[in-house]
Structure formats: C-alpha cells, structure tokens
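If you check TrEMBL, you get these features:
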- 42-52: compositional bias 'Pro residues' (COMPBIAS)
- Cys302-Cys312: disulfide bond (DISULFID)
- 211-248: domain 'EGF-like' (DOMAIN)
- 255-292: domain 'EGF-like' (DOMAIN)
- 298-337: domain 'EGF-like' (DOMAIN)
- 338-378: domain 'EGF-like' (DOMAIN)
- 396-436: domain 'EGF-like' (DOMAIN)
- 445-499: domain 'TB' (DOMAIN)
- 564-604: domain 'EGF-like' (DOMAIN)
- 1-82: region 'Disordered' (REGION)
Amino acid sequence: MAPPWRRGPDTGARARPTQLRKPGGRPPNSQPPQTGGNPGSQPLPLPSPPSPDRGEPRCRGCVADTGVQKTGPIRGEQGGDCPQGYKRLNSTHCQDINECALPGVCALGDCLNTQGSFRCACKPGHVLAPLRTQCVQVVARPTTAMVWQVAPEQFTRSAVEIAPTQVTETDECKLNRNICGHGECIMGAAGYTCLCYSGYRWHPQRRFCTDVNECEAEPCGLGKGVCMNTGGSYNCHCNRGYQLKVHKGVRSCVDIDECAKPHVCGDGGTCTNYPGHYKCDCRPGYRVKSSRQPLCKDMDECEESPCKHGWCENLPGSFRCTCQDGFAPAPDARSCLDVNECEGGTRCPHGVCVNTLGSYKCQCPAGLRARKDGPRCEGERGGTGGSWGDHRNHGGAGGHDPGLCLPHGTCENVDGSYVCTCEEGYAPTEDRHSCEALEPLVHKKECYLNFDDTVFCDSVLATNVTRPECCCSLGAGWGDHCEIYPCPVPGSAEFHSLCPDGRGFILDDNILNYGIPAHRDIDECSLFGAEICKEGKCVNTQPGYECYCKQGFYYDGNLLECVDVDECRDPGACRHGRCINTLGSYVCECSPPRALDPSGRDCVLPDTQAVTPLHTVFAH
C-alpha cells in the first residue's frame, strides 16, 4: 500500500515519484530554444502573465519541470529573468547553475548536476530531507539508496514512509567505479557495500576506504624499531639487537637472543641476554675482548712474568710455574719457593749446612776443606782455618776452568762457584753457567680500527699482532687494554720507516734479497679473520683484500661487513604492490584483484576478477 501524501500549498493533486530524466530547463508550452549561444545555456523564457501574489516566480510552469531548484525569489538573485536553476549568461541566454559546487548540497549523499537542477543519491541508511537538498539518516528502518527528482516545497514525506519500490534505484558501483577507493564495491538490494582491502577501513566522513595508520599503535615495539606506514600496510626498521618477526601478517621487532648461539662469549664466559643486547661475564683468568662482539678470551698471565726463579706456562684461564733447581712450585703452582736443602741433616758431612736462595753452602771446620766437585768437607783435622763449599762449584783444578763459558762468553770465578759474562747478542742462561743466543724481542699487541671516542675500545681488529702488521695494513692504532699508540700518518717519514714498501707490505727478515730483508704481502684475511668481512668471503690480494658478498648483500667499507640490500628502495621493484624487504631478498605482495606479472616486478589487473592474493619471493 502506497504511503499517504500530504497536500502542498498550491495544488491539491497527488504527486508520484518520477523516473529519472533530464529536465529541459525552460517553461513548458514555450517556444523551442533558439540555436547558438554557449553549451548549457537556454534562451530567456517567454514572459508569463503577472501573478496576483507578490513575489511569486514569473515562470510558474518551470517549477514542476526543472527538478530540485533553489528556494526563494528568482528576480535579482542570479541575474534577472532566468528560470530558477539558471543564471544570466548574456542578454539573450541563461546558463545552468552547478548546484553541486555549492557548499552543503547533498550532504551525506552524492550530488549529480542536471540542466536547471541537480539530483541527490543517498547512501544506504539515509533518505532525502524534506527540502531534497541533503540526506538524513533513517531512524525507523533502513531504506535503499534512492534518487528523487521533484520540485521543491511541493510535497513532503516522512522518511519512514518511503518504500524502496517507489523509486528507480541507481547502481552506484557502475556510476562511480572508484566510489570505494581502496576497496571493492558490491551492489545489493539494500544499496552498495564497500569491502575494504587489507590495511584499509571505511571512513564515514570521507565515504570511502582509507589507509589504516598501523604505526599509531606502535606495532614494531616502543624503542625496538621505527615504524614506517605504507599504503595498506607498514614496515618495521628494527634497531640493533632486534630482528623483524612476521606472525600472521603482523610485523614486529623482537629481541635477538644472542645467548642462544653456542660459545657466543667463548669458553671462558657466561652470556646474559638483555633487550637489544647481551653481556659476557668472564670467569677468573679471562677478560672481555675489546671488539664489536663481546668475547671472553684467555688472559696470558705469563706476559707479567709471575714465575720468578722459574718458567711460566700459560693455561686456559690460569697458568703454572716450572721452577729452576733449588726452587719448588708453591701449592697453587703460581710461584716458585726456595728449597731448604739443609733440612734433613744429610747435607755437608763433617761440616755445617747453610741454606742460600736456590742453593746451600757447607761450612767446613778447621782442618777440613771443601771438595772441588761438590759441597762436602774433606781432609785431615788439625789444619788451620776452614773453607766454604757450594754445590754449584764445578771448576777444574784449583776450582777454575777458563773454557767453561766458551765459545760466546768468559768465565768469572766467584766465591764457591762461577758465572759467565757473555758477548753481545748472547745472554747467560738461568744458572749463569753458559751463554745462549738472544732471540729478537718481538712485541705483539692489539690492533685498533679507529679512534672514535665512543667505540675505539670496541674496534679491535685482531690481537697478538706486531706494530708493522697493524699499522701497515688497516690499523689506526696499536696497543693493549685501550692504551693505544696511534699509527704513523701515511706519507710521513715515520710511516716510511715502519712501512718502507707502503701499505699492505712489511719487511720480513726471513726473506732475503741479495742479503737484504725483503718485503712480503700482509694477508689481511688470515690476520684479521671475520672482523673485516663479516657475512662474506675474504680473498687476499697484493696488496689489500677483497670481500665477496652473497647475492642480495653489498660490502660496507665502514662497517667492514656485508649489508643487506633494501630492494624496496627501487621504485620499480614492486609496482602497484606492496614491497617487503627481507634478508638477502624481498617479497612483492599484490592486493586483489591485481596479480604479479611474469616479470615479477609489477602487480597488474588480470582479465578475470577472480584472483587470489599472490605472494612472491625473489632471491638474488
């Protein structure tokens, strides 16, 4: 049953919803329009008989035929004698007014301008207001989207009385194929519906699908990375110590548990993981290696010569002493203690034993004398005086043999024993009874990459290297425990003296060229190991080295490591799609209905709309 209509002010006739049509914009029964003039213009209408009502429009017939028109008097508003919905173009023609350009027209609806009028298409859940210039929300029950073309203020209806069958419906999806923006328009009995793509949502004010700014919710983790919003998605650029994790389409930065790697702190440390970093606690006998990667390395206690009167042997996390004659290791084997040979009473028969540091002496009574071959007293009692005997006295007749220290020293007799005075290039042995050649003293310390005040202690390239090996290659300083001696400036006299053949070469005394030590190439790959070519393959060259990275990586000369290439920075990597950088590669995601083309670098619209999302990974 059709809803009742309320009677208008000027007529008692009932109005019916009209079919959508293009009004002529001129009064009925008037002469046909004249040719010429501008497009969209109409000739001035023929004058109508004057109305008895003051202020009534001249062109009464236009009111029912021009659709929705502006309210109020015609004369003087847009230029004289033009029908409502038109404005004067010149003395003979009127031009259509684009009401859709006026503010407030068709609020909450779509406006379509017509000749002399306009049309409002309301969204689902809205109907035309009584003035037919805007859409209002239906409270009683929802209705379909409707388009009305009526004369203003002629008839009014209640919004709840409008039935869907009383109007001609408009397929908004076909009228505006981009009506949803980043979404798919579906027309139904109750109007159209927007199905927004992933990463987009319906915006009620803008009336289409807009991008969701996922970064507002800090999905990457506060302080863990930087969130970069993209169309329909977002990317996480994780801070150092964090890595990207994708779980069910959600990206976030999670802590890297460095302690999960075996031996991350070496054999002498305990790893403790913290958010974004880790710490190595070294056991006694180990210390943290000053490098970009914390590592507990064994301390060489023997560098401090702790074994006085003995020889030091370095052990993992400790050391032990091997002692000279006359000394014995302490209970902890970390020092040498003097042995009291006089204990037990077996030494110095017929005499008195006197202990000395590392040895002992025999004091013989009067009438006895010390034997030449050892600390014993011999002879007949009754003599005058006595003598001392040292168990280290090994002289010949009379206790003196000049040939004892030959061929590189001379023998010097001392009380109860002898010592050797050695030639240049030789030194006495531990017991000072012979001479041995001196080995060239070569100091080896740590090589530092730079002098950045914040990280120079953590920039160790290698340990246990000589100064030429460090300063003639990549090093900026050489030393121990952050006590660094700067390398000479290349080109200076000091640099030429240390590196006469330039950077990458050092002198080697074992290589002779016509009797003169020659230079040899520094093998940086074996000297510095992974510190100069992380995640890559190091190949030694003469001079220098080369670092070969895997596909998808490039060598960073400042970081001295292979760094991932961000393929997504290339605008052509994933056109019309979403590019996601991965370690060594990238992922190109296409949103329906687009699909990846054979080149793998563009998301294109296929012939058919039935396409599922395509995710393709490209390895380089």
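Glycine residues also receive a Cβ, built from the backbone N, Cα and C atoms like all the rest.
Contact between the domain 'EGF-like' (211-248) and the domain 'EGF-like' (564-604) holds: at least three of their C-beta pairs are under 8 Å, each pair 6 or more apart in sequence. When Cβ-Cβ distances below 8 Å are used as the criterion, the domain 'EGF-like' (255-292) is approached by residues 224, 239-243, 298-299, 301, 316-318, 446, 455, 457-460, 463, 481-482, 531 of the same chain, each at least six residues removed from its ends. Counting residues per DSSP class in helix, strand and coil order gives 4 helix, 18 strand, 18 coil for the domain 'EGF-like' (298-337).
Summarised by DSSP class, the composition of the domain 'EGF-like' (211-248) is 4 helix, 19 strand, 15 coil. For the domain 'EGF-like' (338-378), residue counts in helix, strand and coil come to 0 helix, 15 strand, 26 coil, using DSSP.
The number of other Cβ atoms within 10 Å of the Cβ belonging to Cys312 (disulfide bond), over all protein chains shown, comes to 19. When DSSP labels each residue, the domain 'EGF-like' (255-292) comes out as 3 helix, 17 strand, 18 coil, counted as helix, strand and coil in that order.
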